[in-house]
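Grabbed the feature section from Swiss-Prot, which reads as follows:
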- HIS17, HIS19, LYS103, ASP251: Zn(2+) 1 binding site (BINDING)
- HIS19, LEU20, ARG21, ASN45, HIS140, LEU223, HIS255, ALA267: substrate binding site (BINDING)
- LYS103, HIS140, HIS178: Zn(2+) 2 binding site (BINDING)
- LYS103: N6-carboxylysine (MOD_RES)
- ASP251: active site (ACT_SITE)
Amino acid sequence: MTAQSQVLKIRRPDDWHIHLRDDDMLKTVVPYTSEFYGRAIVMPNLVPPVTTVAAAIAYRQRIMDAVPAGHDFTPLMTCYLTDSLDPAELERGFNEGVFTAAKLYPANATTNSSHGVTSTDAIMPVLERMEKLGMPLLVHGEVTHAEIDIFDREARFIETVMEPLRQRLPGLKVVFEHITTKDAAEYVRDGNELLAATITPQHLMFNRNHMLVGGIRPHLYCLPVLKRNIHQQALRELVASGFSRAFLGTDSAPHARHRKEASCGCAGCFNAPTALGSYATVFEEMNALQHFEAFCSLNGPRFYGLPVNESYVELVREETTVVDSIALPNDTLVPFLAGETVRWTVKK
């Protein structure tokens with residue numbers, strides 16, 4: 001990374017966790033990612049979910065059809081794990097270069113996850129096959145038992161699911177996605193080379209007070225939900241330390257405005273337009289800009305065993321105002337930090 005006083009030049013980053021949706025929403029949101037990122041790990045929680053090689057190939061084509069001319073972008077597809085998934089289908093997809101990884105959603109943990117896994121025992125043959133193949137398992141790390149408080153679900157997942165699973169399958173490569181707690185930050189930090197984490201901009205920039213004090217801010221509502229300040233600070237300290245197994249994963253998750261601003265609003269922040277500048281702001285605040293490029297562009301490829309991108313992007317330190325909304329055919333999208341003044345923007 002080269003840093004002049006007002007410009008950051010880094011290798012083209014990748015987004016290791018994104019929701020691109022489908023149909024009109026897909027066509028609207030893809031360019032915000034393909035413009036700045038070389039690759040993205042695309043979540044498979046469509047309706048119906050992406051559980052076959054054929055479905056992944058078709059979805060990948062729909063994504064590519066939405067990439068504007070001149071954008072150099074490769075979607076990396078994932079398989080949605082279900083209790084009934086055939087290990088042979090997963091292996092075929094991985095060997096043919098269709099599936100980069102597989103996604104474990106505990107049933108009903110987040111948007112469109114009702115088909116998710118009821119227990120890791122139910123998919124042990126699949127996980128054993130993944131361990132053998134060296135195929136990464138991407139984990140939404142929350143338990144979903146009704147009696148467990150929503151703010152405790154990540155920490156409880158580590159104790160009851162993640163650690164027993166990694167003990168049982170010590171060769172399994174695992175990405176603990178969108179970590180939100182001090183517990184998870186310490187667990188990943190103290191883990192071995194087969195355990196990594198993605199972290200979103202919203203969990204680095206905000207805590208639950210920002211979402212709940214002085215009025216509910218539905219566009220900060222995502223899952224896993226924002227936690228206490230102590231957890232936010234632990235995440236910030238982890239990335240500022242230059243820890244090499246944490247990397248950029250926006251979890252950008254668009255929903256139309258009427259689905260967010262509702263009596264029962266959807267979870268997800270559409271942060272693709274503003275994420276890169278948001279991360280830069282956090283690293284600057286932590287006096288850690290020397291680690292910014294590794295977090296965005298180097299750590300992820302190293303963990304996945306992929307080459308780093310050859311091209312570069314530049315971020316400029318100048319105040320700009322984020323647009324209030326982005327048009328959809330029958331509604332609008334409200335981007336993360338809508339209407340706010342931001343410090344860093346990507347040079348176009």
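For all residues, glycine too, the Cβ spot is worked out from N, Cα and C.
Show me how these features fit into the structure around them.
Within the same chain, residues at least 6 positions away in sequence whose Cβ sits under 8 Å from that of HIS19 (Zn(2+) 1 binding site) are VAL42, MET43, ASN45, THR111, ASP251, SER252, ALA253, PRO254, GLY268.
Classification of HIS255 (substrate binding site) by DSSP places it in coil, neither helical nor stranded.
Sequence-distant contacts of LYS103 (Zn(2+) 1 binding site), defined as residues of its own chain at least six apart whose C-beta falls under 8 angstroms from its C-beta, comprise MET43, PRO44, ASN45, THR78, CYS79, TYR80, LEU81, LEU138, VAL139, HIS140.
LYS103 (Zn(2+) 1 binding site) carries a strand DSSP state (E or B).
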Nearest to HIS17 (Zn(2+) 1 binding site) in three-dimensional space, by Cα, is which of the binding-site residues HIS178, LEU223, ALA267?
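Answer for the nearest of the binding-site residues: HIS178.
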Between LEU20, LEU223, ALA267, which of the binding-site residues has its C-beta surrounded by the fewest other C-beta atoms within 10 Å?
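Looking at the binding-site residues LEU20, LEU223, ALA267, the Cβ with the fewest others within 10 Å is that of ALA267.
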Suppose we draw a 10 Å sphere around the Cβ of HIS255 (substrate binding site). How many other Cβ atoms does it contain, all chains included?
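A 10 Å sphere around the Cβ of HIS255 (substrate binding site) contains 25 other Cβ atoms.
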Could you tally the C-beta atoms, other than its own, that fall within 10 angstroms of the C-beta of HIS178 (Zn(2+) 2 binding site)?
26
What is the interatomic distance between the Cα atoms of ALA267 (substrate binding site) and HIS178 (Zn(2+) 2 binding site), given in whole Å?
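ALA267 (substrate binding site) to HIS178 (Zn(2+) 2 binding site), Cα-Cα distance: 14 Å.
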